[in-house]
Amino acid sequence: MARLLRSFGYAASGIVSAVRREPNMRIHLAAAGCVTLLGALLGIARLEWALLLLAMGMVVTAELMNTAVERAVDLNTLEPHPLAKAAKDTAAGAVLAAAVFAAVIGAVIFIPHLWRLIT
């Protein structure tokens, strides 16, 4: 049990470190906060909440993985290297893909609710 608690502590430390050091993580969390507020204001359904939470979690998870890849690559070498660039670019691409997918999910959920409000 102590080892499990220690593992959770390490994981929490990694998340806190990413929030403190990575501006993009803070942007993703702010966007998630805005999405959460909008969902609450619009009174979206449970299934819509589930999809939004999945999408937001996917973006934050991708950003955490991107941060881990960047730090590991930087630890190995600060010299420009094609493989280092490819690793970092691919990890960043994963974040972009997750964010675009999340934005599409958000649009599919929110546009009908907003449309009903303005018509």
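Glycine too: its Cβ is placed from the backbone N, Cα and C atoms.
Note: TrEMBL annotation is automatic and uncurated.
Given the ranges 27-45, 46-64, the record in TrEMBL names 27-45 as transmembrane segment. The most crowded of the binding-site residues listed here (ARG3, HIS81) is HIS81, judged by how many other CB atoms sit within 10 Å of its own CB. Here the binding residues for ATP are ARG3, TYR10, GLU22, GLU70, GLU79, PRO80, HIS81, LYS88, ASP89. Their largest Cα to Cα distance works out to 38 Å.
In terms of C-alpha distance, the listed binding-site residues GLU70, GLU79, ASP89 place GLU70 closest to ARG3 (substrate binding site).
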